Amino acid sequence: MFTVFLLVVLATTGVSFTLDRASDGGNAVAKKSDVTARFNWRCCLIPACRRNHKKFCG
């Protein structure tokens with residue numbers, strides 16, 4: 001009985017750990033797009049940068 005309990009605990013921990021790693025990757029992608037958006041916004045405030053990156057500023 002203890003062996004079955006131990007196997008269930010280990011299996012659950014493994015699944016939880018794997019799901020946590022996958023969500024961290026998603027957060028990294030979201031953070032990267034947020035940084036890109038902030039760069040684009042700041043760039044559009046600077047005339048020289050705005051001229052060089054017209055596709056971002058419209």
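Along the chain as shown, the residues are counted starting at 1.
Using the three backbone atoms N, Cα and C, a Cβ is placed for every residue, glycine included.
Per Swiss-Prot, the disulphide partner of Cys57 among Cys43, Cys44 is Cys44.
With respect to their backbone Cα atoms, Cys49 (disulfide bond) and Cys57 (disulfide bond) stand 9 Å from each other.
Looking at Cys57 (disulfide bond) and Cys43 (disulfide bond), their Cα atoms lie 8 Å from each other.
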